[in-house]
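Student: One structure follows; several queries about it will come next.
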């Protein structure tokens, strides 16, 4: 067996833990899991170490040869030495929005967390590919890119892979076909103004417009745009199985140099900026992912209606980027 890549996951909450678990089951990479200690009353628990040990024993029970370790860190950046040698770093850590907290408050807190983590990445894993999962993901991806001061190809946000999988799911359910044969992309910001591209969506090469009537397509598009909220309404918390699986798709494309074309939040290059009419921001577009990160930004065709929705999505992201820049400027 060849050299296994090392993936470090910062944040062992629902999404981070499930990313690690899926990677363990695949057995293709070595895993390092980082998190703060968990407080219960007066006692602090090194829960990240327990989760890693539990997953290692799971691998043993299933006969999977893997390596996973847990590391306790603190809010001041201590404990990150094990990042050294990481090929890929996944950031899921972040602060959830609390009652009475404005979106600007949340941006400020999470950008502060991104700064602490970025400092440790620069110190111990400066050549790694960084995948950002923390929400709002387009803004956090932009912040990490600015804080790291690295090549734009190395910082990638997880957004469209998840949104596209939701769109594909709803199409496959509507037509009662395997999702393997459903090809669909969702671009734009990872929020209510995302843009599911019905115009290029197809099943086995057949456009969905010939298989599903226009009214139903609009319903599937709307369900996709609010797909995350639908799960919150059912569970009382955000999704984590599908987001984790989406991150694993990205990790595998990088770690195995698979060169998959996946929708990710990235900083557009000059050529793509002209086509997509979006400069100096991170937003979801199809990209080719390989061992060096973003190898190519793909120009996906849009109908006039989809282009209008795209421009609205870009405007929304741009507005939040301007707010984020004020917070980021405090650290660089």
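Glycine too: its Cβ is placed from the backbone N, Cα and C atoms.
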Student: Of the candidates 110, 115, 151, which one does Swiss-Prot list alongside 11, 12, 13, 14, 15, 16, 35, 133, 134, 135 as binding NAD(+)?
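Tutor: Answer per Swiss-Prot: 110.
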Student: Given residue 13 (NAD(+) binding site) and residue 190 (active site, proton acceptor), what distance in Å do their CA atoms have, once rounded to a whole number?
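Tutor: Checking the Cα atoms of residue 13 (NAD(+) binding site) and residue 190 (active site, proton acceptor) gives a distance of 20 Å.
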Student: Considering only the recorded positions 97, 166, 190, which residue has the minimal Cα-Cα separation from residue 133 (NAD(+) binding site)?
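Tutor: Nearest by Cα distance to residue 133 (NAD(+) binding site): 190.
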Student: What is the maximum Cα to Cα distance, in Å and rounded to a whole number, among the residues 11, 12, 13, 14, 15, 16, 35, 110, 133, 134, 135 annotated as binding NAD(+)?
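Tutor: Greatest Cα-Cα span of the listed binding residues: 17 Å.
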Student: Work out the three-state DSSP category of residue 135 (NAD(+) binding site).
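Tutor: Once the DSSP labels are grouped into three classes, residue 135 (NAD(+) binding site) ends up as coil.
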Student: Other Cβ atoms within 10 Å is the metric here; tell me which of the recorded positions 97, 190 scores highest.
Tutor: 190
Student: Measure from the Cβ of residue 35 (NAD(+) binding site) and count the other Cβ atoms within 10 Å, all protein chains considered.
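Tutor: For residue 35 (NAD(+) binding site), the count of other Cβ atoms within 10 Å is 25.
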